[in-house]
Every structure is written in structure tokens, then in C-alpha cells.
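> Below is a structure I'd like to ask you about.
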Ligand SMILES: CSC[C@H]1O[C@H](OP(=O)(O)O)[C@H](O)[C@@H]1O
């Protein structure tokens, strides 16, 4: 059973696993102010769509806690400012915006004193966190019915980190992998390093090692060769935002992986909670793609790997078109991309 929780409420503050320090150092960062939570999301101390949704929810509570007024209207007006600062952290993962909206809606719909509303906001952040763990476990269970039917144990390739560290716990793509491992269906994980931030090498591999799941780390440019050599039975990745037609934004490199999987008839699945689906966007070309600092490209540790005089382009995500996706594994069920819209009414909140 996974016990990696990237965000923990403890002693009236939030403890974050510093994911920029893993795997060499396991350290916790204490967050007591919403401004520091915003910074932790932007600098990827906490990252992964569901995890930053949970972090933003606690950030909303921390901001609310510091608002010094008993006047409801003044409180709500200042809470809107907290929300705007948190919204400006990262643009792609819809969970961030979903969580902030849910916290704001809760505040507006709550009756009682300002202090009572603050307590309701804390409870709501904790509820969002608890729901996500259960959602990830349901995704894992739902994936068992779609695992390739073969007698030998499976080798599953994943990209970036869609694990416990990217969620409230258990993970989405790694939730599928954990479920397969628990059921005795998994032989090995192949983890793409995932340039430039290397979440696969640093975080997915770390999670697998913690739970003694055999893992092979490969450089991103090895995936095609591994599929050509029939080493991979299935690919499963996470998602940051899924459009209503099933087009999926995920870590840069996912689209290329989907093209290679299609070429080699390897099943390619997206594992994501319904809170990652943006039913307001018809197609994936409308998904905002974050561009990050070019130093992520040209610097590894203290080493500069590019010569002076080059230009940079650092999109953090790309969009995989629905026709390259075999299925989307959600907490309700696994659907073909074109069937995703049928789950819209199942969304408890959006
Ligand atoms: C379970 S969502 C994980 C998703 O988020 C990651 O992006 P980042 O590390 O930049 O937050 C990546 O796209 C993962 O698939």
C-alpha cells in the first residue's frame, strides 16, 4: 500500500515533500502562508496536476486564515485576491483551477461567521485531498480489466511522474502500475527519464524503488527502440488537462510516445481523474501550454550544456490527439476518448 503523501496538513501548517530535492534528499518544506504555497507550486516543489490542486486548496485556506476581518463581503473580496495569486502559478493543469473554484464556491455558499467559513474551507481542502486518494485507487482498480491479456507478467512504460508524488497519494499512471503489481500482473516498469526536468528518472524511479517494483530507467530517445524490440506491453501516462473530445495535455514528450506506440500497436492509455477533464474545452488545441524557464534546458545541476548564442524553446507539455489514445482510465470506468463526454454528468464537482 502506497504511503507517499506529497502534501500533508500537520500542526496548523502544510508539509510538502520537496520534489526538487528527490531522489538525493527527502526533505519537507513547511508552508504557512498562501504566498509561499504559490511559490512552491510555481517552482515545482509540489507538482503534478492533482497534487497542485490539493496544494492550491490548502493555499486558499492559508490565505483565508490570514484575512483579518469579521465582515463577510470584505473577507470574500480578499479571498478572491488569494485565488488570483494561486491561479497565476501554472496554466495547464486544470485541477489547480478546479480546486480554487471549489474553495471559492464553498466560501460563497457557506453561511455563518467569517471564522466559521474559514473552518469550512479547511475541511473542504482536506476533503479534496481525501477524495483524490480514493479516486486514484479507483483508477488503479478500473485499470485491471484493460491490462493486456497475456499469461506472462507485463512490462509497462510510463512517462514523467504521475505517481503518488503527483497526486494526493497512490497516483494515476502509477496507480495503474501499483494495482497491476499488487495483482501480480506486473513484471517491470520502464520509466522515461523525461527531459528536461527528469521527473521519470528522479521521481517515478524513486517511487518504484521505495516499493521494490522493478524499474528500468531509459532516456526518452530509447522508447522507440524498446517498442521496436517488443519490450513494452503497454504505455500508461497521466494528464494535466483533457479536452472534452479526449485530446490530452501531458508532459512534453507524451505526444511522441503516443505516435511511437501507435506505430508499434502498443496500447496507449491515459490515467486521470474526471477532475482533470475540462469539459468546457472542445478540443486540445485550446489547452494553454506552460512555457518554463530555459535554464531547465541548458543547465543540469551547475553544468551548462548549451553553447552561447543558441535560442530556446521550453514548452512543459504537449497535446496527444484522441485518435492516438487507446483509452482513458478514470475513477468511474475506462472509456474510449470519444466516449469521455458520457461521463460529464458523473463529475461530482466542476
Ligand atoms: C497525475 S498528473 C501528473 C502530470 O503532471 C506532470 O507535470 P509536472 O511535473 O510539470 O507538474 C506530468 O505532466 C504528469 O503526467
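Every residue gets a Cβ built from N, Cα and C, even glycine.
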> According to TrEMBL, 47, 48, 49, 90, 250, 251 bind substrate; identify which of 199, 332 is listed for that same site.
199
> Identify, in sequence order, the residues in the chain of residue 47 (substrate binding site) that are 6 or more apart from it along the sequence and have a CB within less than 8 Å of its CB; answer 'none' if there are none.
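Residue 47 (substrate binding site) has long-range Cβ partners 19, 41, 165, 166, 199.
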> Provide the number of Cβ atoms within 10 Å of the Cβ of residue 48 (substrate binding site), excluding the reference atom itself.
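Around the Cβ of residue 48 (substrate binding site), 30 other Cβ atoms lie within 10 Å.
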> Provide, as an integer number of angstrom, the distance between the C-alpha atoms of residue 250 (substrate binding site) and residue 240 (active site, proton donor).
5
> Could you check which of the recorded positions 48, 90, 160, 199, 240 have their CB within less than 6 A of ligand 1?
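The recorded positions passing the 6 Å Cβ test are 48, 160, 199, 240.
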> Taking only same-chain residues 6+ apart in sequence, whose CB is under 8 Å from that of residue 240 (active site, proton donor), what do you get?
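Residues satisfying the criterion: 49, 92, 93, 94, 95, 249, 250, 251, 276, 317.
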